Amino acid sequence: MSKFVFVTGGVVSSIGKGIVAASLGRLLKSRGYSVSILKLDPYLNVDPGTMSPFQHGEVFVTEDGAETDLDLGHYERFTDTAMTRLNSVTTGSIYQAVINKERRGSYNGGTVQVIPHITREIRERIHRVAANSNADIVITEIGGTVGDIESLPFLEAIREFKNDVNKNDVAYIHVTLLPYIKTSGEIKTKPTQHSVKELRSIGIQPDLLVCRSDKEINEGLKRKLSGFCGVNLNCVIEALDADSIYSVPLSLKNEGLCKQTLNCLELEDKECDLENWEKIIHNLRNPGNPIKVALVGKYIELGDAYLSVVEALRHACIEQKALLDLYWISAEMIEEKSAEEYLNDVDAIVVPGGFGNRGVNGKIEAIKFAREKNIPFLGLCLGMQCAVIEWARNIAQLPDASSSELNPDSENPVIHLLPEQEDIVDLGGTMRLGVYPCRLQKNTTGKELYNEDVIYERHRHRYEFNNYYKQSFLDSGYKISGTSPDGRLVELIELVDHPYFLACQYHPEFLSRPGKPHPLFKGLIKASQEKLEQSN
């Protein structure tokens, strides 16, 4: 029988609930408990798949093909546990399910209301995660901030949830902010008191307070919060601003978050094994020489749009004992000026995924620069498609070569729509999504990096390499190092006479973990280090 932990946030948005939930998951797993983490998002979109990266950040893709909130990436990276579509719930998906049931007559003509129908559907989703994962502990993060009207059905649902299970099977954690007023030199607790008061008015009494602060919280403040908020003194947890998100589990462990959560759930506080995690933090805090990596994207104004790519680069640098020096380069800026102006001093170039025409020519110019100047390069999804277009235009002498997405009238569509996508009208949840196998070819860099015959990678795309141009591509110095098992789809390409030039149609960043960097990212950083050593 699973136990349940609910994580809410107060005072301000972006308080770090996702990192707290992921860190608790890491701490519980280090004690031998199995964990699954669920995100409840209070927006009306069915999923974030069609949302702008500028508004929502990256869309994280699960093994079973769900387009989810980026917090699921944190959950997977911290716990090294794969999540599924069940782990991502939005208000839109809840209402859609309830309305579909009403249309089918499932409510026997009854009046459908937020209470009990919407809240019951939410509770059923949480129970479904527990049943599907068979986890010892299910952690549920409630998106938004206590007091938001959008979050009310979720908060009511988790209030009701304690009636579904035994009292000691549920714990409520409230993440809040203690602002420091510089002029008075004081940390203020009043916003937290009001946030907890709001929770109590709904019927939820938090068991633990996780207090975000950039100043240390003294014993007196903890006692004050304990008294005003009705929380045991040992359950007032300090969460100071950290130098890295990966150091948060260790600081929360020292504050007793996991121990007190287990105490609330009446579970054994087993011996904790964080030795590998401590090694990761040691390498992170004691890096070697910097590696200057240019991330050439079209959504760089919001760093979260490429969150998993950045974390994958960080994991590789931690493993290789290098300092990640990340250059955020707008592809449109390269179009306006030149690749040389922005990329001349970098050690590696990454061109990530994206959609649409904007900035594509800048990406292509960056790839050309990497190819001609022998700069280690990694292309992801659209990055691979741009690498193929760059080859066609500059090596194969097909100046009008393009993708049928970018130029439907091109006479040389070296990238074209997957056949199964041709009759699809809806945008949401209809791409090639989730894990697919890829067979690696012998005597390729890809095979050497993975050291596997068949790999499994996550996808999110509609367009693929046009096999009509395959032989011409191979004859010009490129290798196709990975394909679908039937050989129909090109998944991984590489340039032969180059220090490191690989591009893949899939998204390897979703499978990178701290302590277990993805082979393609590790290979990129290693190649950059080797090239630097040779130049010195």
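Residue 1 is the first one shown; counting continues down the chain.
From the backbone N, Cα and C atoms, a Cβ is placed for every residue, glycine too.
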Per Swiss-Prot: ATP is bound by S14, I15, G16, K17, G18, I19, and from D71, D80, D136, D148 the site also lists D71
CTP binding in Swiss-Prot involves S13, D148, I149, E150, K188, T189, K190, P191, T192, Q193; of K101, K224, K253, K259, the partner in that site is K224
Checking Swiss-Prot, the member of E335, E336, E340, E405 that binds L-glutamine with G354, L382, G383, M384, Q385, R462 is E405
Nearest to K190 (CTP binding site) by C-alpha distance, among the recorded positions G354, C381, L382, R462, E509, is E509
Mean pLDDT across the region 'Amidoligase domain' (1-267) comes out at 95
Expressed in angstrom and rounded to a whole number, the L-glutamine site built from G354, L382, G383, M384, Q385, E405, R462 spans a maximum Cα-Cα distance of 14
One finds that other Cβ atoms within 10 Å of the Cβ of I19 (ATP binding site) number exactly 21
Among T192, Q193, H507, i.e. the recorded positions, the one with its Cα nearest that of L382 (L-glutamine binding site) is H507
